[in-house]
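Remarks on the structure that follows.
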Amino acid sequence: MSYLSVGDEVLIRGELGIVRFAGSTDFESGIWLGVELLNGKGKNDGSVKGKRYFSCEKGKGIFVRACSSNVMKRPSVVKSRKKGSENISNFMEKTKAIKQKSRREPSKFERSLARPLCITPIDSSTPTKTATFYTSSTTENLDELNFSTEELSSFDTTLLNSDTSKLSGLDDSSFMEEEFVWQVDNVLQECEKKFTPHSKGSYLKENLKSELRKGRLDELMCENTALKEKIDKLNKELEKVEPQLTFLRSKNSIEKPRNFRREKFLKKFLAMQKEIKYLRKRKLQIRKIPNYKYSDRSLNSKTPKSQDNWTTQVTPSSLLGVSEVSKVLQLKQVQVDITELVKIPKNPFSEKLTISNVNRYLNIVPGSLDLQFSLTNENFVHWNSTVYQELLNLKSNNSSVDGVKTRRQLLEENALLSHKVLKLTEEIQDLETLNQLNTEIEARQSEKLNEVQEETQRLSQLLISSQPALTEVKHLKLCLSDSQEELLQLNAKLEKANIVIDELNSAKLKLSKQVEEESSMKDDLTEMNQRLKEQIESYENEVNSEITSRTLKEFETLKTQYEKNLCNLREQLKTARMKLADKYPQGDNTSENIDWLKHSLRDSNTENSIPSPLTFACKEIRKLVADIKPVSVEKQLALNWKKDIERPSFHHNQQLFNYCQLTDILSKKC
């Protein structure tokens, strides 16, 4: 496919791909296309037998012949709505014009093809009316005929090829449409989401298919109009060529009277040649007569007086010579008339001997030559009879009267005869030149007749061979008329589809406006959220900064108080220990003391049994736990201590242990 190039999107057996290479390869002859498949169902990565033609991922490249029917160019979608309506109006106008043309009468070209070609046979025996000669313009007409026949044959071949391609394109149109629908499926799905009914989606698919068919049919109709314009041009050319064909048909009738005239002319020419031969023989016979001796010197040496004596001594026989001289003068006048009519130079080969010149000469001569040759023939016969009578008279005079004829009389007769012979020789030369011209004309005309016959045969064969093509053209016209009706129906459907598409487009515009409004609302909400977050963060930062400053101050004050209280507690503990040691002196047996403490704590209430410094310390610890805010080990211990104190069944030994542990930690920090 010559219309594919690198970068085009292609469908190969229903799979989408991109052309990456186009040209000849080393692995096989011909033009190949290297295609990168998008689905990845190929055979290579753009290289074959170690040579790389293009680069792609492995398993996505494939090579396909450019002329294969599996490769199809991906069609383009017409998005503009206005262009579609304009195309429909143009298409309707074209279909109306095509219908009007198809309903017209058959052209002259069809009539000439329907009419059989009549070729008249050449018959030299039956003469016909005279016509104009075949001039040099016929060669130009024949060239035009050959050119027109070649155009007809080429036009027939182009018609057949274009029709087959159109039919194949129409067959493949449905395949193209089914492959192209997948491009629109995404748009249809979005529309179906917005316009929930399923019927609208299917209707849109049908509309898209009809749009595809419409674009395909637009191309076909444009091609059809171009072909019809070519047919009209060829019809006009055939109308121009028809007079030339009639001329060629009448050429046979033109040549018949020519042949008849030539035969008549040749007969006259042969008769004149016989007369000339006879005159030559008579001249020889006259020279053989006795006392027929003279010399040029004697003639040149004659004086005017002797000439006067010669003129005075006129005999009856010399009168006969005068009559002969008058006849010779008549013959000379006839010859002059013939040369004026024919207008051929004495040396015809000095000029260019062309068919046009000869035809001009022969067009002038035909009527007058017959009359002049008849006159010359009669004059020659009369002159021959007179010469014969004069010879008889001369013989009788020679026998009867001795010495009557002098040498001068014989010289006069000889001079007259020689003058006649010279004139006759000139006429013979002219006739020979005419004969040569006629022979050349006959040869050329025979050649042209053969050429014309061959061309007529070729034309008849071409007409016979073009008849099946014409029948096919008529059949295609019928098919086109059917397709035009289908196109009209499709146009009606397309108009309805355009109305529905307009409604859908209006709905799409409304939805797009709503979506834009929603998107603007979302943007406003996001901006508000961001502002609130920023305000909250700023407020939290301010609050945290205030809280931290307050807590630090309070912690410092509490710390100082706690340190004071700790010092007091230490002193009180020391005194309490001393008192306990004094009050309960039981040696170093601590386990017994602990058991005793447990027993005493169980039996008595906590507040009454615990000594006063201990209760004071518990209260202080509770206050500290309530005031301390930052999380630390001290806070955790204080919380545990608070929980233990709040329990009703709390053992004092554990309470004391926790208290001691807390005091140790605080003492270490202090």
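Note: Cβ is positioned from N, Cα and C throughout, glycine not excepted.
According to Swiss-Prot, of the residues SER24, SER356, SER460, SER460 is the one noted as phosphoserine. Residue ranges 117-162, 209-254, 301-346 are listed, and Swiss-Prot annotates 209-254 among them as coiled coil. In Swiss-Prot, the entry for phosphothreonine among THR456, THR590, THR606 corresponds to THR606. The average pLDDT the prediction assigns to the coiled coil (404-582) is 79. In terms of DSSP helix, strand and coil, the domain 'CAP-Gly' (23-65) has 0 helix, 19 strand, 24 coil. Its Cβ placed at the centre, SER460 (phosphoserine) has 13 other Cβ atoms within 10 Å.
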